[in-house]
Every structure is written in structure tokens, then in C-alpha cells.
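Everything on this sheet refers to the single structure shown next.
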Amino acid sequence: NLLQFNKMIKEETGKNAIPFYAFYGCYCGGGGQGKPKDGTDRCCFVHDCCYGRLVNCNTKSDIYSYSLKEGYITCGKGTNCEEQICECDRVAAECFRRNLDTYNNGYMFYRDSKCTETSEEC
């Protein structure tokens, strides 16, 4: 769920999802259009695509289990939806960590109206 995803992001990056990732670029936060602005925004694009492949799953509220050991997130057992949501969130949180050095404060609270390029396919 969203609270778990926020916790995962904090554990991986040291940053809170809000404000650092909730409204970043063209894809972080609700919806998305255009081309991802940088590596961090691409993490969100891939996360959106991952969620988009999940059928009949409540990505915002399904509670999953995971553990953090020696800096690695491991998703636990649960329903098919819970396990898949956890994997989508884990991959995104790790992607955010890999892209910390290119995080651009100029893309925080970025306006959707600036995301006018043709959207990519998942």
C-alpha cells in the first residue's frame, strides 16, 4: 500500500516520498504523460507500467509483507496481488536509490502542462 511504499522509499533513499517523489517530473505521483524527464522520473514510469499490468489488485491499499536485511528489500509471501505489488514497489524504491545522484530539485512539483512530448509505451 502507499504507506508501505513510502517506508520502502525512505529506507532506500533516506528521503520521504512526500515531497521528494510524490509530484516529481512527469510520472511520479498520480497519472503521467509525456517522456520521463530523468532517471528518477523513469523509475516512476516503470512503476506505473508495473502497476498497470496488475489485474484486479488494489495497489493503493493492499497490505503486503517485506523485510529489509543488510540493505536489501525482500518481499514476503502473500496473495498473488500482494506479492506483485510489493515487487513493483521494491523495484521502484531501489531505482530511486540508484538515481539519487541525478535527482533534480527542479523537477519537484513539476507541472503536467510541461509534459507535452509523445508518451512512451510500457
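Easy rule for this one: first residue shown is 1, then count along the chain.
Even glycines carry a Cβ here, placed using N, Cα and C.
Given the structure is predicted, the values throughout are model-derived calculations rather than measurements.
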Self-check item: Among ASP48, ASP62 - the residue Swiss-Prot places in the same Ca(2+) site as TYR27, GLY29, GLY31
Solution: ASP48
Quiz prompt | Disulfide-bonded cysteine for CYS122 as listed in Swiss-Prot, from CYS28, CYS43, CYS44, CYS49 | solution = CYS49
Self-check item: As recorded in Swiss-Prot, which of CYS86, CYS88 forms the disulphide with CYS75
Solution: CYS86
Exercise. Look at the disulfide annotations in Swiss-Prot and name the partner of CYS44 from this list: CYS26, CYS28, CYS81.
Key: CYS28
Quiz item: If you check Swiss-Prot, which of CYS95, CYS115 bonds to CYS26 via a disulphide?
Solution: CYS115
Quiz item: CYS50 pairs with which of CYS88, CYS95 in a disulfide, per Swiss-Prot?
Solution: CYS88
Self-check item: Entry from the disulfide-bonded residues list CYS26, CYS50, CYS57, CYS75, CYS95 having the most other CB atoms no farther than 10 A
Solution: CYS26
Quiz prompt | Proximal but sequence-remote residues of the same chain as CYS28 (disulfide bond) (Cβ under 8 Å, at least 6 apart) | solution = TYR21, ALA22, THR40, ASP41, CYS43, CYS44
Quiz prompt | Between HIS47 (active site) and CYS95 (disulfide bond): CA-CA distance (Å) | solution = 10
